[in-house]
Amino acid sequence: MNSSKSPGLAGFGVLKNTTCHTEKRISVFFSIIFMTVGILSNSLAIVILMKAYQRFKQKSKASFLLLASGLVVTDLFGHLINGAIAVFVYASDKDWIRFNQSNILCSVFGICMVFFGLCPLFLGSVMAVERCIGVTKPIFHSTKMTSRHVKMMLTMVCLFAVLIALLPILRFRAYQIQASRTWCFYKTEHVEDWEDRFYLLLFSCLGFLALAISFLCNAVTGITLLRVKFKSQQRQGRSHHFEMIIQLLAIMCVSCICWSPFLVTMARIGISEGHSKKTCETILFALRMATWNQILDPWVYILLRKAVLKNLYKIMSGCCGVHVINLHMWELSSIKNSLKVAAISESPASSKQINLQPLSSMGQ
């Protein structure tokens, strides 16, 4: 009954020796609330992003908006699918033996948990890489990062996440019903086989790698923007860069705070097989923290928009009585202004050459 290689019966052994329980009424209530808030938040964020994408479809911000829309759509379907399955499990009194004889539902649940867990982290790192290229190499970005290329990147990221999620199924390793009997994931109890450890460590390593890439690229982007700002008095043409880097930093912070407990817990289980009631409660807490990531992600785009940031700036400057940046500089620019930023950030010789071009034309 405990064999991880028999898909039809995998996971049912845990039902006899459940080490932790969840109170049904509270759990169902929070599941419905989380799912509803997540769906509404992501739907609102999708509307905002799609309107912005239509406005800036031919500009350098379009690729970022397309990736952001992909992230929010992924979060939306994550809430919709995982939330619906979780509510069904609670409504069925967690009687997996009655409605999961062939282990199909548990396999689908496990695949969705892995896919909708890793895919947003991957997309966050891709967005950070895209913005880093847009700031440091704007000419390359304007020629290579077209909408078609961005859609191909989105497809490749999703396919890679699907491959990771299907890997246990392809290896005839069924997903397991967890000790709380409310969700399915990789085997986390009595982990002795190297392959079961490999899946847990692979999930954790990929998640931490995505967060590390996001941190590195956002650091490079922020430093580059600050260097350009201090070198030049021309601030026009960089407001959209600052807006996007603020959003990226917020996404990265939210992902780190929400996902780190779950990734660390899975890595610890993969390294040491110990599992107890305390471990089960830790997993449930970490899982709920990770769920908040899909709720908070859309609010980054809802709250950290240019219009909202301008109002916040007005309030802060009014309270402090200090005006550092003129608000009329908050004008979005096209690729032409991004190229100006690149020219300023290059060597002094190149900037002198650009400044001498009008003089030479006047001499002619």
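Note that Cβ sites are derived from N, Cα and C of the backbone, with glycine treated the same way.
As recorded in TrEMBL:
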{"type": "TRANSMEM", "residues": "26-50", "note": "transmembrane segment"}
{"type": "DOMAIN", "residues": "41-301", "note": "domain 'G-protein coupled receptors family 1 profile'"}
{"type": "TRANSMEM", "residues": "62-90", "note": "transmembrane segment"}
{"type": "TRANSMEM", "residues": "102-129", "note": "transmembrane segment"}
{"type": "TRANSMEM", "residues": "150-170", "note": "transmembrane segment"}
{"type": "TRANSMEM", "residues": "198-226", "note": "transmembrane segment"}
{"type": "TRANSMEM", "residues": "246-271", "note": "transmembrane segment"}
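Counted as Cβ pairs under 8 Å, contacts with the transmembrane segment (62-90) are highest for 26-50 among 26-50, 102-129, 150-170, 198-226, 246-271. Same-chain residues lying 6+ beyond the ends of the transmembrane segment (198-226) with a Cβ under 8 Å from its Cβ atoms: 114, 117-118, 121-122, 124-125, 127-129, 131-132, 135-136, 164, 167-168, 173, 186-188, 191, 238, 241-242, 245, 248-249, 251-252, 255-256, 259-260, 263-264, 266-267, 269-271, 345.
For the domain 'G-protein coupled receptors family 1 profile' (41-301), the model gives a mean pLDDT of 86.
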